[in-house]
Amino acid sequence: MSRLIVKNLPNGMKEERFRQLFAAFGTLTDCSLKFTKDGKFRKFGFIGFKSEEEAQAALNHFHRSFIDTTRITVEFCKSFGDPSKPRAWSKHAQKSSQPKQPSQDSVPSDTKKDKKKKGPSDLEKLKEDAKFQEFLSIHQKRTQVATWANDALEAKLPKAKTKASSDYLNFDSDSNSDSGQESEEEPAREDPEEEQGLQPKAAVQKELSDMDYLKSKMVRAEVSSEDEDEEDSEDEAVNCEEGSEEEEEEGSPASPAKQGGVSRGAVPGVLRPQEAAGKVEKPVSQKEPTTPYTVKLRGAPFNVTEKNVIEFLAPLKPVAIRIVRNAHGNKTGYVFVDLSSEEEVKKALKCNRDYMGGRYIEVFREKQAPTARGPPKSTTPWQGRTLGENEEEEDLADSGRLFVRNLSYTSSEEDLEKLFSAYGPLSELHYPIDSLTKKPKGFAFVTFMFPEHAVKAYAEVDGQVFQGRMLHVLPSTIKKEASQEANAPGSSYKKKKEAMDKANSSSSHNWNTLFMGPNAVADAIAQKYNATKSQVFDHETRGSVAVRVALGETQLVQEVRSFLIDNGVCLDSFSQAAAERSKTVILAKNLPAGTLAAEIQETFSRFGSLGRVLLPEGGITAIVEFLEPLEARKAFRHLAYSKFHHVPLYLEWAPIGVFGAAPQKKDSQHEQPAEKAEVEQETVLDPEGEKASVEGAEASTGKMEEEEEEEEEEEEESIPGCTLFIKNLNFSTTEETLKGVFSKVGAIKSCTISKKKNKAGVLLSMGFGFVEYKKPEQAQKALKQLQGHTVDGHKLEVRISERATKPALTSTRKKQVPKKQTTSKILVRNIPFQANQREIRELFSTFGELKTVRLPKKMTGTGAHRGFGFVDFITKQDAKKAFNALCHSTHLYGRRLVLEWADSEVTVQTLRRKTARHFQEPPKKKRSAVLDGILEQLEDEDNSDGEQALQL
């Protein structure tokens with residue numbers, strides 16, 4: 001835990017001083033003091049460190065220490081939702097939503113406090129008591145009751161008046177909804193005693209003048225006339241509906257006219273509680289739009305229902321239907337329909353000028369909903385966010401995408417990847433940074449490969465402390481698929497192909513590190529040897545044009561490799577296709593010949609800050625390094641397969657570790673210009689226009705060959721008698737210790753200790769191992785000198801092993817394991833079918849004299865070859881020279897040649913030996929018999945050792 005809570009701080013504590021106190025113990029990621037809503041300091045605060053060690057050091061130093069004259073308490077924070085977290089007792093803390101259970105030790109109910117609380121409930125009961133209402137009517141003030149009024153008749157007059165008013169309203173109304181509404185309001189007015197006791201009638205109020213009484217009667221007539229006018233005009237009805245809904249939402253008092261229409265005869269400006277409760281409120285779905293895709297129907301019948309609207313828009317499925325009513329509940333002929341997408345809106349607009357129940361319907365797009373006031377304000381501002389144009393909402397169990405906020409500004413992508421990769425493999429991690437300061441913005445998007453892993457991470461990471469800050473994890477929206485636009489009916493094949501290539505640009509199946517286009521190769525070769533491009537592609541000259549271009553590409557590749565090595569690039573990282581890729585280094589390929597480094601820098605610098613930009617002399621392949629991973633991804637996404645000059649730009653993520661240490665400059669640099677001059681003299685085009693690419697290819701590989709020949713040692717097959725079997729090893733002995741003991745005798749080829757997994761999956765030593773020497777003489781010497789030697793308290797038992805050493809445990813991930821050269825024969829795969837044996841011979845004869853070239857054909861023996869062949873050189877040195885030159889990136893007719901070392905030939909003697917072993921070896925024993933034999937052999941050895949000890 002790297003987050004601390006500091007309690008009992010002094011009143012005068014400021015955030016700057018609070019930060020300075022803890023800044024000496026490490027990097028602070030959060031510092032906050034807590035205040036009430038009124039600005040009063042609550043005497044505690046939170047401090048966050050980047051690591052747990054820094055937080056622990058600060059806790060040990062400040063816990064129970066003094067700041068000014070107050071002793072503070074420093075503790076580790078608890079994660080959100082931790083069951084061991086104490087319950088909040090402060091009045092400022094958020095109260096729990098669970099209902100409180102009544103305690104048994106409650107205060108007696110006859111206290112004054114309880115009497116005050118029970119007063120309103122008792123008064124409600126007295127309102128229903130007829131005798132109490134009669135008591136109130138008798139004891140009214142004489143100024144409020146006429147002296148000639150009959151107390152016995154007052155209870156009947158309100159009921160008769162209510163009935164008359166109801167009849168009058170029913171007679172005046174044309175809508176069935178009004179009668180239904182009045183029927184709901186009638187029970188609220190059937191309490192004459194309540195009317196008599198609480199609110200006297202307007203006719204008997206002495207302080208009410210005659211003019212005011214007449215005005216109250218005139219209001220009712222104006223409302224009825226307004227009803228008729230609003231039914232005639234549809235536009236005014238919509239406006240009235242908007243105004244009425246706004247007043248209901250704001251809760252503002254109604255105008256006298258509307259009060260008169262609602263109270264049905266009550267005193268103006270007074271609305272009884274029973275009538276307010278009986279008033280029918282519209283549901284929220286009729287007031288506010290639920291989606292931003294809304295259409296408006298005009299001219300709908302006044303008896304329209306939601307079912308009619310659904311049938312009218314079939315087969316669309318509306319999200320919500322809002323039938324507009326005026327202030328009195330009458331339908332106005334306007335209907336607002338909320339749809340789920342823009343496509344459904346376009347389909348709904350096609351229903352314009354159709355008929356619904358004999359009425360002509362007009363359909364419009366409603367850009368701004370009439371009754372929408374925006375999403376309701378919530379205490380959580382991240383909720384209720386309107387989706388963007390390129391976003392769509394999807395369940396977390398389907399998308400697997402999380403939105404992580406409140407991240408530390410000192411955290412990095414590696415930290416987040418380490419945190420979330422513990423729950424499952426990640427497919428994408430987007431951590432935005434500020435374009436000016438290059439610092440994180442404090443939030444990130446994490447996409448898991450499997451959505452169930454995202455659900456697990458969402459449940460466990462939300463509320464956890466990460467680098468001193470409490471994380472807040474939410475399900476994220478997902479981006480709309482851009483491929484839908486490319487697959488539109490009107491899209492051309494070219495656009496579809498470009499969209500598909502751009503979508504698959506980061507896939508590893510199309511990665512070729514040193515790819516060079518044939519057109520760029522021809523331009524570079526022609527420029528280098530002062531020739532024209534037509535001379536390079538001249539098919540009338542001697543030799544194949546495809547072979548000529550392939551040899552030119554091989555020469556350029558060798559020059560590029562030499563340039564990269566001189567600039568500190570580790571070429572070994574390019575050998576593994578399955579190696580992990582960098583997040584900041586990009587390989588830019590398929591560049592036109594003569595490209596300048598300034599052009600590459602200008603193209604890529606638009607997306608962020610660049611580090612190193614390497615461009616060889618030919619200008620065909622470049623390496624671009626970004627300082628921030630986010631900017632590198634942005635550049636890769638925008639520039640992949642984009643047009644650069646007149647060719648598409650191919651991008652590839654470089655392997656990790658591509659930039660190594662800068663190599664030391666050799667003393668033979670002064671010899672390079674002379675060698676280069678000799679190469680140029682040998683590679684001048686002849687009068688017929690043929691390029692002497694043979695000498696150029698040999699000279700370009702000379703430097704690489706010399707370095708490899710110095711370290712080259714003929715690796716032969718394992719010779720019998722070179723491997724030792726060591727028993728009685730200590731279980732704690734490691735391979736390094738064992739190798740150090742046996743390496744004193746001679747050069748060790750390999751050293752392994754056999755291990756097995758226990759139930760927990762941990763590899764444990766089995767007590768024996770194998771040591772393989774390069775020569776049998778060294779193994780015999782070690783057998784004599786180290787027999788009985790003590791290692792980690794155990795005497796070793798050494799003998800010659802009769803079998804090969806066990807292979808080391810390898811990962812399940814497939815990697816390219818190059819075969820060792822055992823013969824002078826090379827297996828060539830991916831040969832184009834239009835290539836013939838003469839062209840293959842011409843290509844490989846550049847590097848040495850050939851013995852045979854064979855292209856196997858199908859079983860019939862006719863037709864084209866099968867796409868692979870065997871090239872056998874006379875010497876192994878020539879074979880290795882050709883292999884090192886052509887294995888990197890050589891294309892023949894546009895197909896890359898894949899080279900492997902062929903297996904050694906099976907001779908007649910080998911076949912005879914194998915056949916004899918098959919017939920002479922005894923049948924295999926059962927496993928139990930083999931184990932018994934091993935145990936007997938061990939017992940015999942122990943007995944013989946005991947006899948030798950007795951003799952001594």
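Using the three backbone atoms N, Cα and C, a Cβ is placed for every residue, glycine included.
Among the features that Swiss-Prot reports, compositional bias 'Low complexity' is placed at 95-109.
Feature annotation from Swiss-Prot assigns compositional bias 'Polar residues' to 163-180.
If you look up Swiss-Prot, you'll see 181-196 (among others) marked as compositional bias 'Acidic residues'.
Per Swiss-Prot, compositional bias 'Acidic residues' is recorded for 224-251 (among others).
Annotated compositional bias 'Basic and acidic residues' per Swiss-Prot: 664-679, in sequence order.
According to Swiss-Prot, the feature compositional bias 'Acidic residues' maps to 705-718 (among others).
Per Swiss-Prot, the feature SUMO2 cross-link maps to Lys479.
The average pLDDT the prediction assigns to the domain 'RRM 1' (2-79) is 90. Feature annotation from Swiss-Prot assigns domain 'RRM 1' to 2-79.
The domain 'RRM 2' feature in Swiss-Prot is assigned to 293-368; the stated evidence is sequence analysis.
What Swiss-Prot records for 400-478 is domain 'RRM 3'.
If you look up Swiss-Prot, you'll see 584-656 marked as domain 'RRM 4'.
Marked as domain 'RRM 5' by Swiss-Prot: 722-803.
The domain 'RRM 6' feature in Swiss-Prot is assigned to 824-904.
Here Swiss-Prot flags Ser177 (among others) as phosphoserine.
Per Swiss-Prot, the feature phosphoserine maps to Ser179 (among others); the stated evidence is similarity to another entry.
Residues or ranges marked as phosphoserine by Swiss-Prot on the basis of similarity to another entry: Ser183 (among others).
Helix, strand and coil counts from DSSP across the domain 'RRM 1' (2-79) read 20 helix, 30 strand, 28 coil.
Note: the domain 'RRM 3' (400-478) comprises 19 helix, 27 strand, 33 coil (DSSP; helix = H, G, I, strand = E, B).
Helix, strand and coil counts from DSSP across the domain 'RRM 4' (584-656) read 22 helix, 26 strand, 25 coil.
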